[in-house]
Each structure stands twice: as structure tokens, then as C-alpha cells.
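Q: This is the structure, below, for whatever I ask next.
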């Protein structure tokens, strides 16, 4: 029945995926899981000795630069997701055991892999934000972000863009140089070495601060929705955006953070994209596809 509706190439790809997914683990499939548990690279040098960058990823996102701020273009999914990012962060702050009452212009943000600046701009406009440092290694995309921010004079003193990776930034030497929120939205699934990448990102979070991320679970459903449907059939996401083998399950992320000994138990929220409606939170969907995960740094750590 299926063979009459889908090209045989899709069926072969689906067959390969199901044979090597979480139900029948293959060694090569768990590259990301193994990398996530690896700590071979030290994140404590002033400049990184590793690279999290995949040149193919840079080339792919450079091609999308001109359409980044088109809410109906290839980045439409990111525009629609942005309100949920802020909702999730507010819930994380509300979950703290001590009252969270930030004063105006008090919070510092580091947005890693900022792309065209969708989240960075919105964070900079919050009344509780002191400043946002947004970094991305993709030159064409960053140029679009910088040009767009100039449309709002208020952003001039609150938002700074820098073409850099997290490895390029000098490490903070005191809590005053760290950030209240380090955000990594839709980035980890494009990173080659997730463990050292997250190790280094964590050094920029101040004690009591948050590392907040969104990514995709590695399941056959996520392959079907993000690779086959979103890229190949519906074409709502540019082809080549996702590499299913780089996806990370939330239990792998939880195990990683637990192994580091400096993070409180994570907050996790599953979300799902509903065509024609947008992103909706869906409890349990973190086991299927897209999810948010955030961890708070223990107060007694640097």
C-alpha cells in the first residue's frame, strides 16, 4: 500500500532508519550519545582546543541568510517557536525555590548560535534585560542580524552581535563576567562535538543561572517529521537542515548534565509543530521529537 504512495527511495531510507533507530541500536547511530559522555577535550583553556563547527552546516545556513527575517519564508518555523522559548524560560525562573524577582535591566544573556537574531532581539527588548551578547559563526547570517537590529535604535545599547563560536570567546574569570541565561536554541543538533561544546558553554553560566536549549529527540518519528515530511514532502524546512544522526534524546542530555556535578535536575518541555496552527506544548512529546531542556547551575560553583 505504501509503495504506491511514496517513491521507493523514501521507503529504502525509512527502512534503513527503522533498522538503526533506538529499537535496534547500531554502534554508529550512538555517535552523539558517546560524544555527549566524552570529556576528552578540556573546556578550561582561554581558547578552545576543539571545534564544534561543521563546515557543511555553515554553508547551508549561509544560503538561508537573506530570508531569515521573512516570517513566511524558510525560517518561519523559528519565528513561530520564539514565543514558546520565552514561556519556557519564565517557567524555569518560576520553578526556582527562592523567589525570582529580577529588577529592570538586570539580566545578562549569551545567545549561542543566534542565527539572524530572532531570539536575541526579543530578549534584548525585555525590560529585565541588561544586555545580550549574540554569537554565530555564519558570516552572511550574522550580517543580516546586525542590519535588522539597526531598525530599532533601542537595541543599540542592549544587543551586541559577534561572529564567533563559543570556543572563540575568552572564558570568564569571575561571576560578574558570566551570564544569567545562556541560550542554545536549535543548535545542539548541528554540533559535531556536543560534550565539549556544552562543557564550555556551561562555563559562561553564573552560579544560579540557566543554560536553556531546544533540540530534537532521535526517534523514527522525528526522522519521519523533520527529514521526510518537513524537508522532502511538505518542504516547509530547507532540504539538508537536519541530520537525524546528530539528534539527542532527553535522557542522554539528562545523563550528561548529571555526570558533570554542577547542574540541578533539568526542566524539560515537549513541543510539537501543528501545521496551520504553530508550536504547541505536548507533554510526553519530548520522547518523540522537539523539546526544550534547561538546567540551573548550582549556587556554590563557578
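Note that Cβ sites are derived from N, Cα and C of the backbone, with glycine treated the same way.
In TrEMBL, annotation is done automatically, which means it is predicted and not curated.
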Q: Of 100, 179, 185, which one shares the S-adenosyl-L-methionine site with 85, 113, 136 in TrEMBL?
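A: Record source TrEMBL; matching candidate: 185.
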Q: Between the Cα atoms of residue 85 (S-adenosyl-L-methionine binding site) and residue 189 (Mg(2+) binding site), what distance do you get, rounded to the nearest Å?
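A: Rounded to the nearest whole number, the Cα-Cα distance is 17 Å.
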Q: Could you state, as a whole number of Å, the largest distance between Cα atoms of any two of 85, 113, 136, 185, the listed S-adenosyl-L-methionine binders?
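A: Pairwise Cα check on 85, 113, 136, 185 gives a maximum of 19 Å.
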Q: Please report the three-state DSSP label of residue 185 (S-adenosyl-L-methionine binding site).
A: strand
Q: Are there any residues at least 6 positions away along the chain from residue 136 (S-adenosyl-L-methionine binding site) with a Cβ closer than 8 Å to its Cβ? List them or say none.
A: 113, 114, 115, 142, 145, 161, 163, 164
